[in-house]
C-alpha cells in the first residue's frame, strides 16, 4: 500500500504564532494563563497546553482580576475586547493577522456607513468575532452561507454594500456565493485580495492533487476545525472516500483493506506529530514509505508580540 502526503499540510503561520503566544506566556509568566476559547481548533494542541497550565474559558467573567488573558487565533468582537479592557487584566492577542485584516475591512465599512455581508459559517468563533467589528446603527451586517441565503437577503441600500469572507472556507463554495452576491447586488464591492487565507487555499489545492492519486484520503484534524472539514469535503467531492480523524487511533483497518494508495493531509491547526503517528499506523497496516507530493512552499512567519519573544528577553 502506497502512502502519499499532501504538500503543504498542517500548521500555518497564524496557528504557529497563536500556539507560541500561549507557550511563551506560560514560560514567562507561569501558570495559570487564561485563553478565551480554544486557541486553535485541535484537541491535541489544546490538551497539551491545558496540561502546562492554560485554562480555556468562553466568558471574560471567568477570568480573575490581575491575571493574563489571551484571545484565540479566531479573533474576538469589539464587545469582548472592550470587556477585557475594562478589567484588571494583561491581555495578549493571538488573533491571526489574516483574520485581523478582515476585521479591519468590516470596521472601515462600518465607519463609512456601508452595509456589509460576511460569507461564513454561523456559530464559528471567527464569524462571531468578525461580525462583532460592525457598530454603525445606520447600516447593517449580514451573514450568508450559501447562494440560497443570498436570494432571500434584504439590505437597506444596495448601492453602499460590501462583502468579506471567513478565512477558512471552501474556495469553490465561496466562489459560488460571491457570484450570487454580484448577480443580486451588482454594485457590491469586495476586498482587493481574497479573504480566504493562503494556507486554506494551498491546503485545498494540495488535497485536490492528493485525491487525484489516492483511493482513500485521511485528513488529520479535529471535528470543530473549519479548514480540516473543508479538506475532507473536497476529497469526497472528487469522488474519493475521505475520513476526518483526530489521530492515528481513529483509523479503522477496514478503511484501508485492499487499498492501493492512501493519501494523508492535515488541517492548518494539526501538528506534524499527529501526521507521523498516522503514517506509523498505516505502515503497521501494510503501508510503505510515506512519499510527499510536490506543492507550494510556504515561508510566511507571523511574529509574536515583543513582550512574549523569549529570545529578545534573553538578550535584554
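Numbering starts at 1 and runs along the chain as displayed.
From the backbone N, Cα and C atoms, a Cβ is placed for every residue, glycine too.
The following features are taken from Swiss-Prot:
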| type | residues | note |
| --- | --- | --- |
| BINDING | 12, 96, 197 | [4Fe-4S] cluster binding site |
| BINDING | 41, 74, 124, 225, 226, 227, 269 | isopentenyl diphosphate binding site |
| BINDING | 41, 74, 124, 167, 225, 226, 227, 269 | (2E)-4-hydroxy-3-methylbut-2-enyl diphosphate binding site |
| BINDING | 41, 74, 124, 225, 226, 227, 269 | dimethylallyl diphosphate binding site |
| ACT_SITE | 126 | active site, proton donor |
Checklist entry - Who sits close to residue 74 (isopentenyl diphosphate binding site): which same-chain residues at least 6 apart have their Cβ under 8 Å from its Cβ? => result 37, 41, 95, 96, 99, 124, 125, 126, 129
Checklist entry - Same-chain residues six or more away whose CB lies under 8 A from the CB of residue 227 (isopentenyl diphosphate binding site)? => result 168, 199, 200, 203, 221, 267, 268, 269
Checklist entry - What is the one among the binding-site residues 41, 124 whose Cβ has the most other Cβ atoms less than or equal to 10 Å away? => result 41
Checklist outcome for this item: Within 10 Å, the Cβ with the most other Cβ atoms among the binding-site residues 167, 225, 226, 269 is that of 269
Checklist entry - Say you check the Cα of residue 197 ([4Fe-4S] cluster binding site) against those of the binding-site residues 167, 225, 226; which is nearest? => result 167
Checklist entry - Reported as an integer number of Å, what is the Cα distance between residue 167 ((2E)-4-hydroxy-3-methylbut-2-enyl diphosphate binding site) and residue 226 (isopentenyl diphosphate binding site)? => result 9
Checklist entry - Where does residue 74 (isopentenyl diphosphate binding site) sit in the DSSP three-state scheme? => result coil
Item to check | Cβ-Cβ distance under 8 Å to residue 12 ([4Fe-4S] cluster binding site), same chain, at least six residues away | outcome: 197, 198, 199, 268, 298, 300
Checklist outcome for this item: Per DSSP (helix/strand/coil reduction), residue 225 (isopentenyl diphosphate binding site) sits in coil
Item to check | Secondary-structure category, per DSSP, in which residue 269 (isopentenyl diphosphate binding site) falls | outcome: coil
Checklist entry - Is residue 126 (active site, proton donor) helix, strand or coil when read with DSSP? => result helix
Next on the checklist: Cβ within 8 Å of the isopentenyl diphosphate site centroid (41, 74, 124, 225, 226, 227, 269 excluded): which residues?
Outcome noted: 40, 126, 168, 224, 228, 267, 268
Next on the checklist: With an 8 Å cut-off on Cβ distance to the 12, 96, 197 Cβ center, who else from the chain surrounds the [4Fe-4S] cluster site?
Outcome noted: 13, 14, 15, 73, 97, 98, 99, 167, 168, 198, 199, 200, 268
